[in-house]
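Please read the structure below before turning to the comments.
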Amino acid sequence: MTMFNGDVEDGGRSNVSCGKDLKRYLMLMGVVALVVLFGAFIYRQSSGGLRLGAMMEQMTGARGAVNVPAQHGAPSAVVDPAMSVPARARVAPPSAAGAIATFPPVVDFGPAPVVSGGPFTGVVTLLRNSVVSVTASSSGGQVMPDPLGLVNPDGLPRFANPTTRSVENIGTGVIVRNDGFIVTNYHVVRGANSVYVTVKDDVGSIRYSGEIVKMDEALDLALLKITPKVQLTAAVLGDSDAVNVADEVIAIGTPFGLDMTVSRGIISAKRKTMVIEGMTHSNLLQTDAAINQGNSGGPLVAANGTVVGINTAIYTPNGAFAGIGFAVPSNQARLFALDEVGWLPTSTAEGPAMGLVAMQRPMGVGVGAAGPVIAAGTPSPHVDGRQNMDCSNCHDIIPAGNGFQAPMMPVAAPVPPPPIPANAVSPHTDGRQNMTCNTCHQFVGGAAAGPIAFGQPMMPIAAPQQPAPAIRANAANPHTDGRQNMNCASCHQIIGSVGAAPIAAPGAGGAYRFSQPPGSLAINIQGPRGGQGAVAGSGGSRASLLGAALTPLTQRLGLQANLPAGRGVFVNGVTPNTPAASAGLRPGDVILKVDGRPVHQPEEVAAIMAEMPNGRSVRIGVLRAGDVSNMSLVTGPSGLAAAVVQAPTAPVVMAGGAPTVPGVQPVIPKVPTEFNWLGMEIETFMAPQPVVGMPGATPVAGGGKGAQVAEVLAGSRAAVAGLQANDLIIEVNNRPVTSPARLDAAIKAATAAGQQILLKVHRNGQEFWIVL
C-alpha cells in the first residue's frame, strides 16, 4: 500500500512538472514569433520594401487602390526627406503586434498626394523668364578636336566655357533690369563680333541683337543691353554674404544648348581666392550643383528666389562636371552692374514665397498687364522709349467710345514674313507702320543683299576671306559702297578704347581656349583683386592697372634668366599705351620686386597693385638681359583693364642653348620659299599691318618683317599652341626670321637642338610668346 501510494505520488509530481515545462516553451515560442513579426514589419517599412497599401491590396484582393506606382515609364513622385508625409497618406498601425488580420479590409487613401519638388518649384517658376540664352558669334576656323582626350589633364579649375558650335558660343545670362540689361560671363562674349540674346516668355521666345556695354576680365562678368519689344522680367541680385555653407541652391542655364535646365545642390564652400585660367578671383562660391558647358553666365539661386551667384567655372580633370563648380558672388555682380546702370531691383519679401520686386517698374509703370486700363486708339504719353512699344504689353485695352475695337495685330507674325532691306519704307496702314519692322521681318544689309533664311543670325555682307584689320571702336567708317551702313564688327575686330589692345580671337581653330589646360598663369593685373568694384557714385574704384601679361617663372625660364624657379615673375606681353608700357616693361623681362616687396607669383603682383590708388608711382625691380634696373610705374584706372592682352594658353618655355645670331645669316643654298612646319603653312614675309586708330603698336625687331602664317592645320602642334592664320612669326628660339633664309636656318637649328621651340609672335599690334 505504502509502495503503491508512493508510486502514485511520484507519478503525480512528475506529470505536474512536465506541464509547467511545456508552458515555458510555448510562451518562449510566442515571444519569438512576436519579435520576428515585429522585426519583419519594421524592416519592410525602413527598407522601402512592400508598402502597406500594397500589402492590404494583396490581402483584400482590392483592384482599385489609388496609391500605385506610376506606370508606362512615368516617374513616381519623390518625397523630400525633409518633408513630412501628408496625414491622409498615413496608415494606423495594427491593433496587436503580429496580428495581420486586424488591418481594416479596405483603406481609402483618397487621391494620390501631389508631392512638389520642394521650395524651388516656385522659384523656378518665378525665374523662368529671367534667364536668357546668349549666343556669341565670332570669326574663326573649325573647332579644334581633342583626339587624345587630354582636355584638362591637370584637373585645374577652368571656366564652364560656352558650348562651342563652329564659331558660335552658347552661354546663359540673367536679366537684371526689365529695360534690357543682362549680366553674363566675360568669357562667353569675349572676342565676339556679334551677340544675340534669346528671351523666353509665357508665349514663346524672341531673339534680340545684344550690345556689350561693359566687360571685366578679372570678375569674368559682362553687361549686355538689348532693346526689348515687351517688358522683361528681371531677377533680383541677392546678398551673397548672407549665404552659408550647406545652404541649398539651384543652377539654371543652357548646358549644351538645352535651355532652362535646372540642377540642384548646396553651397559647398566659400573660397577666399582662386586662380582660374590665369586670373585671380576672390570670394567665389563653390557648389555641387551641376554646371556644364553652356551654364556660363547663368544664375545660382537661393531658396528665397534671389540670385546669389553667376555660374562661371568648374574644377574638372576631363572637361565634364566633377561635382565642383564656382560662381561669382552676386554682391560683386551687383557692384559691377551698378557702376553702369545706376539702380537694380531689390526684393521686398523673403522666403520661398518671395515674388514681389521693388523698382521692377521704373517711374511707377506696371509690369505686364499691371498698367491702367486704356481705350483703344489712345496715344502713348511716354517719351522714354515706351512710346515705341505695343500698349497691350503693359495695359489692358478696352473698346473705344463707339464700342468697336480694331483687331489687335500680334507682335510675332504667325508666318515668317519675307526679309526686307534695312531702309525699306513700311507699307502698312493698320497700325503696323508704327511698329519696329524687325519685330516681324528680318533685315538684310542693303539693296544688293539677297534674302537669307528667316531666324538665322544676320550677316548682311559676307566678310572677306582674309580677316580685315582690327579697328578702334570709335574709328570713322571710310566705306562708301554700302558698308558704311553695316556693323563694323561684322568684318573687323573692335578694340575698346584708345590704347586698348585687341581682344584675342578664339583659340586655335576658332574654339575658345577655356576648355584647354592653362599652361601659363597669364594675368591681367588690376585691382582690387577679384574685381571688387566701387559703388556707383563713389567717383570710381581704387583699382590699379599694370598692363602686362605675366606668367610664373618656371625652372626652364629660371635657367634662361639665371634665377631659381619661383624667384620673380616673367613678363609675357605688354600692352601699348598702358602704365606698363610707359614704364618701359618689355616681353621677356622678369619682375623681381614691386614697391620694394619681392614677388614670386602673378597673384602677389596683383595683390600689391590692388592696394595702390590711381596715380601712385610704384617702383618695379626688373631683370633684363642679366642686368637689374628699377622702373617707375604710374598706376591707372581700372577702366583700362580690358586692354590687357591675353597670354597664350600653352606653357611659355625659353629654349636654352639658342643664342641670338647677330647680323644677317648666311644664305643657305636652295632655300625654300614656302614652308610647311608643325602644321603651319608659311609663304609670305612681310611687315605687320597697322591697327587702324591705334597708335603705339609694338615695332617688329629684325628689320620690321616676319614670317606670315597663311594657314594652320586643325589639331597640329601649332594649332594646339594657339597660333592662328595671319599671325606674324618674328623670332624662332631668339633668332629673327625676316626672310626665308633666316627662317630655314632657324627651323634647322631648332630641329637639331631637339628642344621645345619658342616663337615670338606679332598679332594685331601686340607681341607675345608661344611654345611648340
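Positions of Cβ are set from backbone N, Cα and C atoms, glycine also.
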Annotated range (Swiss-Prot: motif 'MCR 2') out of 132-155, 156-179, 276-299, 420-443: 420-443
Motif 'MCR 3' according to Swiss-Prot, located in which of 45-69, 470-494, 570-594: 470-494
Averaged pLDDT, computed only over the residues in the motif 'MCR (magnetochrome) 1' (374-397): 73
